[in-house]
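The next block holds one structure in the form of structure tokens; read it before the comments.
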Amino acid sequence: MKLLRYGPSGQEKPGILDANGRIRDLSAHVPDLAGDALSDAGLTRLRAIDPATLPLVSGEPRIGACVGRVGKFIGIGLNYADHAAEAGMPVPKEPVVFGKWTSSICGPNDGIDIPKGSVKTDWEVELGVVIGTTCKDVDEARALDYVAGYCVVNDVSEREWQIERGGQWDKGKGFDTFGPIGPWLVTRDEVPDPQRLDLWLEVDGHRYQNGNTRTMVFTVAQLVAYLSTCMTLQPGDVITTGTPPGVGMGIKPSPVFLKAGQTVRLGIDGLGEQLQSTRNAR
């Protein structure tokens, strides 16, 4: 299934794509794509519904983040060896874990706000993993059983706040609008191997990032198992799994960063695309 949330910010309704790619309203069956609705049992109930019997959503509504009430938004850094190289950092021996504040979450086509005074706002196309079942201390072999599905994430980052000012990465990762998620939550049964997905990103039509999840340092299963040893993962938690090379700060000889008035387009095979315009934060 391709599940989504549509409508004005803060008033999103749950939906599903039908066989023709049209949005159908799910709100008579589930209040939101959050919590227990993301469990195996919850998704099984949704899967039993024929989308053709659901109300058709007219027009072109705003698409919100594909998951509601996200409890934890967990980032993984330097998870592609060639990205670590372009960043001038060693390939990690353990996952680099940081937090993205849930207040950064927005829809896949909402605008990106360039923070006041920022000259180093950067892009990162990433595979997002949405937890469906509570898990703690799970084995790698069973880790994917706890996943509800997958989505596209743009891990927007302000490099001065992330790196140059010292301290933790979190503060450069969590500005408002720095977490576009979606458009769809694609359930795990439709993604047989999350380590075989092409992902890409363009700015103003120029392709900067081209990668495949097979080159991750730590696989999705390894990340879920690892994170479950140091925290309880809960339904609706989102793990954004790192980015391939081609970020702005790694461009030689001179880094390239986002400015107001630009267009960012990114996607992952089978998971949909995002399209964002950049603007100065007010």
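The backbone N, Cα and C atoms fix where each Cβ goes, and this holds for glycine too.
These come from Swiss-Prot:
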- E124, E126, D155: Mg(2+) binding site (BINDING)
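Recorded features from Swiss-Prot, shown on the structure.
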{"residue": "E124", "record": "Mg(2+) binding site", "Cβ within 10 Å": "24"}
{"residue": "E126", "record": "Mg(2+) binding site", "Cβ within 10 Å": "27"}
{"residue": "D155", "record": "Mg(2+) binding site", "Cβ within 10 Å": "26"}
Starting from the Cβ centroid of E124, E126, D155, the recorded Mg(2+) site, name every other residue in that chain with its Cβ within 8 Å, sequence order please. G75, W123, V125, V153, N154, V156, S157, T240, G242, T243
Where does D155 (Mg(2+) binding site) sit in DSSP terms: helix, strand, or coil? coil
In three-state terms from DSSP, label E126 (Mg(2+) binding site) for me. strand
